[in-house]
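What follows is a short report on a single structure.
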Amino acid sequence: MSATVEETIQYASQESPDSPRRTVRVGICGLGTVGSGTVNVMSRNAAEITARCGRPVEIVQVGARRDNPACDTSQMQVSREIFDVATNPEVDILVELIGGTTVARELILTAIENGKHIVTANKALIAEHGNELFEAAASKGVTIAYEGAVAGGIPIIKSLREGLVGNRIQWLAGIINGTGNYILTEMREKGRTFEEALAQAQALGYAEADPTFDVEGIDAAHKLVIMASLAFRMPLAFDKVYTEGISGISIEDIRYADELGYRIKHLGIARGTEQGVELRVHPTLIPQRRLIASVNGVMNAVMVSGDAVGPTLYYGAGAGAEATASAVIADIVDVARTLEATPDQRVPLAGVAAGGQGQNCVLPMDEVVTSYYLRISAHDKPGVMSQVAKICSDQGISIEALIQHEPAEGEALVPVVILTSRAKEARLREAVSQIEALDTVEGEVVRIRVEPLG
Ligand code: HSE
(Lines of atoms letter the chains of each structure in order from A; the text may use other names.)
(Lines give C-alpha, C1' and ligand atoms only; values in the text may rest on other atoms or scores of the structure.)
Protein backbone atom coordinates (compact mmCIF):
# COMPACT_ATOMS: atom_id res chain seq x y z
CA MET A 1 0.00 0.00 0.00
CA SER A 2 1.44 3.39 -0.84
CA ALA A 3 2.08 6.00 1.86
CA THR A 4 -0.12 9.06 2.20
CA VAL A 5 1.36 12.49 1.56
CA GLU A 6 1.44 13.16 5.33
CA GLU A 7 3.20 9.82 6.02
CA THR A 8 5.78 10.54 3.36
CA ILE A 9 6.54 13.98 4.80
CA GLN A 10 6.75 12.57 8.33
CA TYR A 11 8.98 9.71 7.22
CA ALA A 12 11.34 11.98 5.29
CA SER A 13 11.63 14.63 7.99
CA GLN A 14 12.39 12.05 10.72
CA GLU A 15 15.58 10.99 8.98
CA SER A 16 18.93 12.18 10.26
CA PRO A 17 20.70 14.92 8.24
CA ASP A 18 23.25 12.34 7.06
CA SER A 19 20.62 9.86 5.90
CA PRO A 20 20.49 9.44 2.11
CA ARG A 21 16.91 10.76 2.12
CA ARG A 22 17.47 13.88 4.18
CA THR A 23 15.88 17.23 3.37
CA VAL A 24 17.28 18.78 0.22
CA ARG A 25 18.42 22.33 0.85
CA VAL A 26 17.88 24.94 -1.82
CA GLY A 27 19.38 28.42 -2.12
CA ILE A 28 17.68 30.84 -4.49
CA CYS A 29 19.60 33.77 -5.96
CA GLY A 30 17.40 36.49 -7.40
CA LEU A 31 13.96 37.47 -6.18
CA GLY A 32 12.51 39.02 -9.31
CA THR A 33 9.49 37.70 -11.20
CA VAL A 34 10.67 34.08 -11.50
CA GLY A 35 12.41 34.03 -8.09
CA SER A 36 9.31 35.18 -6.24
CA GLY A 37 7.14 32.82 -8.30
CA THR A 38 9.42 29.92 -7.36
CA VAL A 39 9.25 30.80 -3.64
CA ASN A 40 5.45 31.02 -3.80
CA VAL A 41 4.86 27.80 -5.75
CA MET A 42 7.34 25.81 -3.64
CA SER A 43 5.62 26.97 -0.50
CA ARG A 44 2.07 26.40 -1.82
CA ASN A 45 2.84 22.96 -3.26
CA ALA A 46 5.30 21.76 -0.58
CA ALA A 47 3.34 18.63 0.29
CA GLU A 48 2.89 17.70 -3.36
CA ILE A 49 6.58 18.25 -4.10
CA THR A 50 7.68 16.23 -1.05
CA ALA A 51 5.38 13.37 -1.95
CA ARG A 52 6.66 13.26 -5.51
CA CYS A 53 10.27 13.62 -4.42
CA GLY A 54 10.09 11.24 -1.48
CA ARG A 55 11.88 13.79 0.70
CA PRO A 56 11.32 17.39 1.78
CA VAL A 57 12.81 20.11 -0.35
CA GLU A 58 13.32 23.32 1.53
CA ILE A 59 14.47 26.81 0.56
CA VAL A 60 17.08 27.48 3.26
CA GLN A 61 18.54 30.69 1.87
CA VAL A 62 17.65 33.48 -0.52
CA GLY A 63 20.24 35.81 -1.98
CA ALA A 64 18.69 39.06 -3.18
CA ARG A 65 19.64 42.72 -3.11
CA ARG A 66 16.14 43.62 -1.97
CA ASP A 67 12.95 41.94 -0.78
CA ASN A 68 10.07 41.38 -3.15
CA PRO A 69 6.62 42.01 -1.64
CA ALA A 70 5.23 39.42 -4.09
CA CYS A 71 6.58 36.61 -1.86
CA ASP A 72 7.12 35.83 1.82
CA THR A 73 10.71 35.03 2.79
CA SER A 74 10.29 35.65 6.52
CA GLN A 75 11.04 31.99 7.34
CA MET A 76 14.18 31.93 5.20
CA GLN A 77 17.69 33.19 5.74
CA VAL A 78 17.99 36.20 3.42
CA SER A 79 21.39 37.46 2.35
CA ARG A 80 22.00 40.69 0.42
CA GLU A 81 25.20 39.14 -0.90
CA ILE A 82 24.31 36.47 -3.46
CA PHE A 83 27.76 34.86 -3.36
CA ASP A 84 26.99 33.85 0.27
CA VAL A 85 24.57 31.30 -1.21
CA ALA A 86 27.25 29.92 -3.55
CA THR A 87 29.61 29.25 -0.64
CA ASN A 88 27.06 28.22 2.01
CA PRO A 89 27.82 24.61 3.05
CA GLU A 90 24.14 24.20 4.01
CA VAL A 91 23.02 24.62 0.40
CA ASP A 92 22.79 21.57 -1.93
CA ILE A 93 21.23 23.24 -4.97
CA LEU A 94 21.82 26.84 -6.05
CA VAL A 95 18.97 28.23 -8.14
CA GLU A 96 20.26 31.10 -10.28
CA LEU A 97 17.48 33.53 -11.20
CA ILE A 98 19.38 36.82 -11.37
CA GLY A 99 19.67 36.88 -15.19
CA GLY A 100 22.48 38.43 -17.22
CA THR A 101 25.66 36.70 -18.24
CA THR A 102 28.46 38.26 -16.20
CA VAL A 103 27.69 38.00 -12.47
CA ALA A 104 25.47 34.97 -13.12
CA ARG A 105 28.38 33.14 -14.76
CA GLU A 106 30.71 33.91 -11.85
CA LEU A 107 28.04 32.95 -9.35
CA ILE A 108 27.47 29.57 -11.00
CA LEU A 109 31.19 28.84 -11.36
CA THR A 110 31.67 29.65 -7.66
CA ALA A 111 28.76 27.43 -6.66
CA ILE A 112 30.09 24.57 -8.82
CA GLU A 113 33.52 25.01 -7.25
CA ASN A 114 31.76 24.62 -3.90
CA GLY A 115 30.15 21.37 -5.03
CA LYS A 116 26.59 22.63 -5.55
CA HIS A 117 24.17 21.48 -8.18
CA ILE A 118 22.75 24.28 -10.31
CA VAL A 119 19.26 25.08 -11.53
CA THR A 120 18.92 28.10 -13.82
CA ALA A 121 16.33 29.73 -16.06
CA ASN A 122 18.98 31.88 -17.73
CA LYS A 123 18.80 31.25 -21.48
CA ALA A 124 21.43 33.84 -22.46
CA LEU A 125 23.89 32.35 -20.00
CA ILE A 126 23.37 28.76 -21.16
CA ALA A 127 23.35 29.72 -24.85
CA GLU A 128 26.53 31.81 -24.62
CA HIS A 129 28.51 30.11 -21.83
CA GLY A 130 26.87 26.69 -21.51
CA ASN A 131 29.79 24.73 -22.98
CA GLU A 132 32.16 26.18 -20.36
CA LEU A 133 29.68 25.77 -17.49
CA PHE A 134 28.86 22.16 -18.42
CA GLU A 135 32.54 21.32 -18.50
CA ALA A 136 33.08 22.93 -15.08
CA ALA A 137 30.07 21.04 -13.66
CA ALA A 138 31.20 17.71 -15.14
CA SER A 139 34.66 18.10 -13.65
CA LYS A 140 33.13 18.59 -10.18
CA GLY A 141 30.55 15.81 -10.61
CA VAL A 142 27.56 18.17 -10.22
CA THR A 143 24.69 18.88 -12.57
CA ILE A 144 23.22 21.97 -14.26
CA ALA A 145 19.49 21.89 -15.03
CA TYR A 146 17.90 24.56 -17.26
CA GLU A 147 14.32 23.64 -18.13
CA GLY A 148 13.15 27.19 -17.30
CA ALA A 149 15.54 28.68 -19.86
CA VAL A 150 13.43 27.67 -22.87
CA ALA A 151 9.73 28.32 -23.44
CA GLY A 152 8.87 29.02 -19.79
CA GLY A 153 6.58 26.34 -18.42
CA ILE A 154 6.67 24.00 -21.43
CA PRO A 155 8.82 20.96 -20.52
CA ILE A 156 10.62 21.02 -23.86
CA ILE A 157 14.11 20.36 -22.48
CA LYS A 158 12.94 17.19 -20.78
CA SER A 159 11.05 16.17 -23.91
CA LEU A 160 14.15 16.53 -26.08
CA ARG A 161 16.58 15.05 -23.56
CA GLU A 162 14.44 12.18 -22.32
CA GLY A 163 11.00 11.79 -23.89
CA LEU A 164 12.26 11.73 -27.48
CA VAL A 165 15.60 10.06 -26.79
CA GLY A 166 14.73 7.03 -28.95
CA ASN A 167 14.48 9.18 -32.06
CA ARG A 168 16.79 10.74 -34.55
CA ILE A 169 15.43 14.28 -34.49
CA GLN A 170 14.77 15.56 -38.01
CA TRP A 171 13.78 19.15 -37.25
CA LEU A 172 12.27 21.40 -34.66
CA ALA A 173 10.50 24.72 -35.08
CA GLY A 174 9.14 26.94 -32.37
CA ILE A 175 7.31 30.12 -31.52
CA ILE A 176 9.65 30.80 -28.63
CA ASN A 177 9.27 34.50 -28.03
CA GLY A 178 5.91 35.51 -26.56
CA THR A 179 6.42 39.23 -27.13
CA GLY A 180 7.03 38.79 -30.85
CA ASN A 181 4.06 36.45 -31.15
CA TYR A 182 1.86 38.97 -29.35
CA ILE A 183 2.92 41.72 -31.77
CA LEU A 184 2.25 39.60 -34.88
CA THR A 185 -1.10 38.48 -33.46
CA GLU A 186 -2.17 42.08 -32.75
CA MET A 187 -1.14 43.12 -36.24
CA ARG A 188 -3.17 40.35 -37.85
CA GLU A 189 -6.23 40.43 -35.62
CA LYS A 190 -6.55 44.18 -34.94
CA GLY A 191 -4.88 45.63 -38.04
CA ARG A 192 -2.28 47.46 -35.92
CA THR A 193 1.06 48.50 -37.39
CA PHE A 194 4.24 46.94 -35.99
CA GLU A 195 4.95 50.17 -34.04
CA GLU A 196 1.43 50.29 -32.55
CA ALA A 197 1.52 46.61 -31.54
CA LEU A 198 4.98 47.03 -29.98
CA ALA A 199 3.79 50.05 -27.96
CA GLN A 200 0.85 47.95 -26.76
CA ALA A 201 3.22 45.09 -25.78
CA GLN A 202 5.33 47.58 -23.83
CA ALA A 203 2.27 49.06 -22.09
CA LEU A 204 1.24 45.54 -20.99
CA GLY A 205 4.75 44.79 -19.67
CA TYR A 206 5.53 42.05 -22.25
CA ALA A 207 8.21 44.05 -24.08
CA GLU A 208 11.10 45.89 -22.46
CA ALA A 209 11.68 49.63 -23.01
CA ASP A 210 14.49 48.45 -25.34
CA PRO A 211 12.70 45.64 -27.20
CA THR A 212 15.69 44.61 -29.35
CA PHE A 213 16.20 41.16 -27.79
CA ASP A 214 12.59 40.16 -28.38
CA VAL A 215 11.78 41.74 -31.74
CA GLU A 216 15.14 41.17 -33.41
CA GLY A 217 15.15 37.47 -32.53
CA ILE A 218 18.09 37.36 -30.10
CA ASP A 219 15.98 35.94 -27.27
CA ALA A 220 14.63 33.29 -29.67
CA ALA A 221 18.17 32.52 -30.89
CA HIS A 222 19.26 31.84 -27.31
CA LYS A 223 16.41 29.37 -26.85
CA LEU A 224 16.83 27.79 -30.29
CA VAL A 225 20.50 27.01 -29.81
CA ILE A 226 19.81 25.28 -26.48
CA MET A 227 17.14 23.06 -28.03
CA ALA A 228 19.27 22.36 -31.12
CA SER A 229 22.22 21.33 -29.01
CA LEU A 230 20.07 18.67 -27.31
CA ALA A 231 18.27 17.61 -30.48
CA PHE A 232 21.40 17.24 -32.61
CA ARG A 233 23.99 16.28 -29.97
CA MET A 234 26.15 19.28 -30.74
CA PRO A 235 27.94 21.91 -28.64
CA LEU A 236 26.09 25.18 -28.13
CA ALA A 237 26.78 27.44 -31.10
CA PHE A 238 25.00 30.73 -30.40
CA ASP A 239 27.29 32.76 -32.66
CA LYS A 240 26.29 30.57 -35.62
CA VAL A 241 22.53 31.20 -35.47
CA TYR A 242 21.14 33.23 -38.39
CA THR A 243 18.82 35.83 -36.87
CA GLU A 244 16.23 38.08 -38.52
CA GLY A 245 13.62 40.08 -36.59
CA ILE A 246 9.98 41.02 -37.18
CA SER A 247 10.31 44.80 -37.38
CA GLY A 248 10.09 44.67 -41.20
CA ILE A 249 6.78 42.77 -41.27
CA SER A 250 3.83 44.82 -42.56
CA ILE A 251 0.09 44.31 -42.33
CA GLU A 252 0.08 44.08 -46.13
CA ASP A 253 2.26 40.94 -45.98
CA ILE A 254 0.11 39.43 -43.23
CA ARG A 255 -2.97 39.97 -45.44
CA TYR A 256 -1.33 38.45 -48.54
CA ALA A 257 -0.17 35.48 -46.46
CA ASP A 258 -3.77 34.97 -45.32
CA GLU A 259 -4.95 35.08 -48.93
CA LEU A 260 -2.42 32.36 -49.81
CA GLY A 261 -3.51 30.17 -46.85
CA TYR A 262 -0.59 31.00 -44.53
CA ARG A 263 0.16 32.78 -41.24
CA ILE A 264 3.33 34.74 -40.55
CA LYS A 265 5.05 33.56 -37.36
CA HIS A 266 8.48 34.34 -35.95
CA LEU A 267 10.07 30.90 -35.75
CA GLY A 268 13.27 29.43 -34.42
CA ILE A 269 14.12 26.51 -36.72
CA ALA A 270 16.76 23.79 -36.46
CA ARG A 271 16.94 21.08 -39.10
CA GLY A 272 19.37 18.23 -39.55
CA THR A 273 20.66 17.80 -43.11
CA GLU A 274 23.42 15.65 -44.62
CA GLN A 275 25.60 18.76 -44.87
CA GLY A 276 25.01 20.15 -41.38
CA VAL A 277 22.40 21.56 -39.02
CA GLU A 278 20.36 24.60 -40.04
CA LEU A 279 20.04 27.11 -37.20
CA ARG A 280 17.85 30.08 -38.01
CA VAL A 281 15.39 32.54 -36.49
CA HIS A 282 13.23 34.57 -38.89
CA PRO A 283 9.66 35.48 -39.80
CA THR A 284 8.13 32.51 -41.61
CA LEU A 285 4.99 31.77 -43.60
CA ILE A 286 3.45 28.56 -42.24
CA PRO A 287 0.30 26.83 -43.52
CA GLN A 288 -2.84 27.91 -41.67
CA ARG A 289 -3.88 24.27 -41.32
CA ARG A 290 -1.00 23.45 -38.94
CA LEU A 291 -1.99 23.56 -35.27
CA ILE A 292 0.99 25.77 -34.48
CA ALA A 293 -0.41 28.44 -36.83
CA SER A 294 -3.19 29.02 -34.27
CA VAL A 295 -0.78 29.75 -31.42
CA ASN A 296 -1.53 33.39 -30.71
CA GLY A 297 -0.82 36.17 -28.22
CA VAL A 298 2.06 35.61 -25.83
CA MET A 299 1.80 31.82 -25.95
CA ASN A 300 4.73 29.64 -27.05
CA ALA A 301 4.76 26.36 -28.96
CA VAL A 302 7.46 24.05 -30.25
CA MET A 303 7.12 21.35 -32.92
CA VAL A 304 9.66 18.54 -32.88
CA SER A 305 9.79 15.88 -35.55
CA GLY A 306 11.55 12.58 -34.86
CA ASP A 307 12.11 9.65 -37.23
CA ALA A 308 10.10 7.30 -35.01
CA VAL A 309 7.45 9.53 -33.46
CA GLY A 310 6.77 11.88 -36.39
CA PRO A 311 5.79 15.50 -35.72
CA THR A 312 4.90 16.42 -32.12
CA LEU A 313 3.70 19.73 -30.66
CA TYR A 314 4.28 21.28 -27.21
CA TYR A 315 2.23 24.33 -26.20
CA GLY A 316 2.03 26.59 -23.17
CA ALA A 317 3.01 29.79 -21.42
CA GLY A 318 6.51 30.84 -22.44
CA ALA A 319 7.04 33.30 -19.61
CA GLY A 320 5.52 34.51 -16.36
CA ALA A 321 6.28 34.04 -12.68
CA GLU A 322 4.54 30.76 -11.96
CA ALA A 323 4.77 29.19 -15.41
CA THR A 324 8.56 29.53 -15.33
CA ALA A 325 8.61 28.52 -11.64
CA SER A 326 6.90 25.29 -12.72
CA ALA A 327 9.94 24.47 -14.88
CA VAL A 328 12.44 25.60 -12.25
CA ILE A 329 10.80 23.40 -9.60
CA ALA A 330 10.74 20.41 -11.97
CA ASP A 331 14.52 20.80 -12.21
CA ILE A 332 14.89 21.15 -8.43
CA VAL A 333 12.90 17.93 -7.96
CA ASP A 334 14.97 16.13 -10.61
CA VAL A 335 18.19 17.10 -8.85
CA ALA A 336 16.73 16.33 -5.40
CA ARG A 337 15.63 12.85 -6.48
CA THR A 338 19.16 11.97 -7.54
CA LEU A 339 21.14 14.01 -5.03
CA GLU A 340 23.17 11.03 -3.86
CA ALA A 341 23.56 9.48 -7.32
CA THR A 342 26.91 9.38 -9.07
CA PRO A 343 27.17 11.54 -12.22
CA ASP A 344 26.85 8.52 -14.53
CA GLN A 345 23.54 7.61 -12.83
CA ARG A 346 22.00 11.01 -13.66
CA VAL A 347 20.61 12.14 -17.00
CA PRO A 348 23.70 13.66 -18.66
CA LEU A 349 24.07 17.43 -18.56
CA ALA A 350 23.92 18.14 -22.28
CA GLY A 351 21.72 15.11 -22.96
CA VAL A 352 24.59 12.90 -24.16
CA ALA A 353 26.98 10.62 -22.35
CA ALA A 354 30.66 11.54 -22.25
CA GLY A 355 32.13 11.21 -25.74
CA GLY A 356 28.66 11.09 -27.35
CA GLN A 357 28.54 14.68 -28.48
CA GLY A 358 28.98 15.32 -32.18
CA GLN A 359 30.75 18.13 -33.99
CA ASN A 360 29.61 21.68 -34.26
CA CYS A 361 28.46 21.51 -37.89
CA VAL A 362 26.10 24.40 -38.58
CA LEU A 363 25.04 24.71 -42.23
CA PRO A 364 25.99 28.10 -43.74
CA MET A 365 22.87 30.13 -44.53
CA ASP A 366 23.74 30.26 -48.26
CA GLU A 367 23.25 26.48 -48.39
CA VAL A 368 19.84 26.47 -46.68
CA VAL A 369 16.99 25.41 -48.98
CA THR A 370 13.48 26.88 -48.50
CA SER A 371 10.57 28.26 -50.44
CA TYR A 372 10.02 32.01 -50.44
CA TYR A 373 7.26 34.59 -50.37
CA LEU A 374 8.28 37.59 -52.46
CA ARG A 375 6.42 40.91 -52.74
CA ILE A 376 7.56 43.07 -55.61
CA SER A 377 6.45 46.66 -56.21
CA ALA A 378 6.23 46.78 -59.99
CA HIS A 379 5.13 49.39 -62.51
CA ASP A 380 1.88 48.42 -64.14
CA LYS A 381 3.42 47.85 -67.57
CA PRO A 382 3.43 44.89 -69.97
CA GLY A 383 6.40 42.49 -69.72
CA VAL A 384 7.23 42.83 -66.01
CA MET A 385 5.99 39.36 -65.15
CA SER A 386 7.91 37.71 -67.96
CA GLN A 387 11.12 39.47 -66.83
CA VAL A 388 10.61 38.27 -63.23
CA ALA A 389 9.74 34.74 -64.38
CA LYS A 390 12.87 34.58 -66.57
CA ILE A 391 15.17 35.71 -63.73
CA CYS A 392 13.66 33.07 -61.44
CA SER A 393 13.87 30.36 -64.03
CA ASP A 394 17.53 31.20 -64.79
CA GLN A 395 18.26 30.52 -61.10
CA GLY A 396 16.33 27.22 -61.19
CA ILE A 397 13.45 28.68 -59.19
CA SER A 398 9.86 28.14 -60.27
CA ILE A 399 6.84 30.22 -59.38
CA GLU A 400 4.30 28.12 -57.43
CA ALA A 401 1.64 30.78 -56.78
CA LEU A 402 1.09 34.38 -57.78
CA ILE A 403 -1.21 37.22 -56.71
CA GLN A 404 -1.57 40.44 -58.60
CA HIS A 405 -4.56 42.66 -57.90
CA GLU A 406 -5.52 45.69 -59.95
CA PRO A 407 -3.54 48.77 -58.94
CA ALA A 408 -5.32 51.07 -56.50
CA GLU A 409 -6.97 54.17 -58.00
CA GLY A 410 -4.24 56.62 -59.10
CA GLU A 411 -1.40 54.19 -58.17
CA ALA A 412 1.37 53.60 -60.72
CA LEU A 413 2.81 50.70 -58.74
CA VAL A 414 1.21 47.33 -58.28
CA PRO A 415 2.24 44.70 -55.72
CA VAL A 416 3.12 41.34 -57.26
CA VAL A 417 3.21 38.52 -54.72
CA ILE A 418 4.95 35.25 -55.55
CA LEU A 419 5.45 31.94 -53.76
CA THR A 420 8.55 30.23 -55.10
CA SER A 421 9.62 26.61 -55.25
CA ARG A 422 12.33 25.47 -52.83
CA ALA A 423 15.70 26.93 -53.69
CA LYS A 424 19.10 27.49 -52.14
CA GLU A 425 19.33 30.78 -50.26
CA ALA A 426 22.26 31.97 -52.40
CA ARG A 427 20.29 31.45 -55.65
CA LEU A 428 17.23 33.17 -54.27
CA ARG A 429 19.32 36.14 -53.16
CA GLU A 430 20.83 36.41 -56.63
CA ALA A 431 17.36 36.31 -58.24
CA VAL A 432 16.09 39.00 -55.87
CA SER A 433 18.98 41.33 -56.57
CA GLN A 434 18.37 40.96 -60.35
CA ILE A 435 14.65 41.66 -59.86
CA GLU A 436 15.44 44.76 -57.78
CA ALA A 437 17.71 46.01 -60.58
CA LEU A 438 14.86 45.96 -63.17
CA ASP A 439 13.68 49.40 -64.37
CA THR A 440 10.13 48.23 -63.92
CA VAL A 441 10.59 47.42 -60.21
CA GLU A 442 10.72 49.96 -57.37
CA GLY A 443 12.49 49.58 -54.06
CA GLU A 444 13.43 46.41 -52.23
CA VAL A 445 11.66 43.10 -52.74
CA VAL A 446 10.06 41.89 -49.51
CA ARG A 447 11.13 38.28 -48.88
CA ILE A 448 9.89 35.92 -46.20
CA ARG A 449 10.81 32.24 -46.00
CA VAL A 450 8.08 29.59 -46.17
CA GLU A 451 8.09 26.33 -44.17
CA PRO A 452 5.54 23.53 -44.66
CA LEU A 453 6.17 22.09 -41.13
CA GLY A 454 4.88 18.70 -42.17
N1 HSE B 1 10.93 37.97 -23.33
C2 HSE B 1 10.56 36.61 -23.47
C3 HSE B 1 9.37 36.48 -24.38
C4 HSE B 1 10.19 35.94 -22.19
O5 HSE B 1 8.76 37.49 -24.75
O6 HSE B 1 9.04 35.36 -24.74
C7 HSE B 1 11.30 35.30 -21.47
O8 HSE B 1 12.03 34.44 -22.27
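Heads up, the Cβ atoms here are built off N, Cα and C, so glycines get one too.
Copied over from TrEMBL, here are the features:
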ACT_SITE  K223  active site, proton donor
BINDING   C29, G30, L31, G32, T33, V34, G35, S36  NADP(+) binding site
BINDING   K123  NADPH binding site
BINDING   E208  L-homoserine binding site
COMPBIAS  1-17  compositional bias 'Polar residues'
DOMAIN    373-450  domain 'ACT'
REGION    1-22  region 'Disordered'
Going by a 10 angstroms cut-off between Cβ atoms, which of the binding-site residues G30, G32, G35 has the sparsest surroundings?
G32
Secondary structure at the residue listed as 'active site, proton donor' (DSSP, helix/strand/coil)?
helix
When secondary structure is assigned with DSSP, how many helix, strand and coil residues does the domain 'ACT' (373-450) contain?
23 helix, 33 strand, 22 coil
So which binding-site residues out of C29, L31, G35, S36, K123 end up within 10 angstroms of the residue listed as 'active site, proton donor', measuring C-alpha to C-alpha?
K123
Confidence summary (mean pLDDT) of the domain 'ACT' (373-450):
94
Let me make sure I understand the structure: which of the binding-site residues listed (C29, L31, V34) has the fewest other Cβ atoms within 10 A of its Cβ?
L31
Would you identify the secondary structure of V34 (NADP(+) binding site) according to DSSP, in three states?
helix
Tally every other Cβ atom lying within 10 Å of the Cβ atom of T33 (NADP(+) binding site).
19
Round to a whole number and give the Cα-to-Cα distance in Å for the pair T33 (NADP(+) binding site) and K123 (NADPH binding site).
15
Measuring Cα to Cα, tell me the gap between the residue listed as 'L-homoserine binding site' and the residue listed as 'NADPH binding site' in whole angstrom.
17
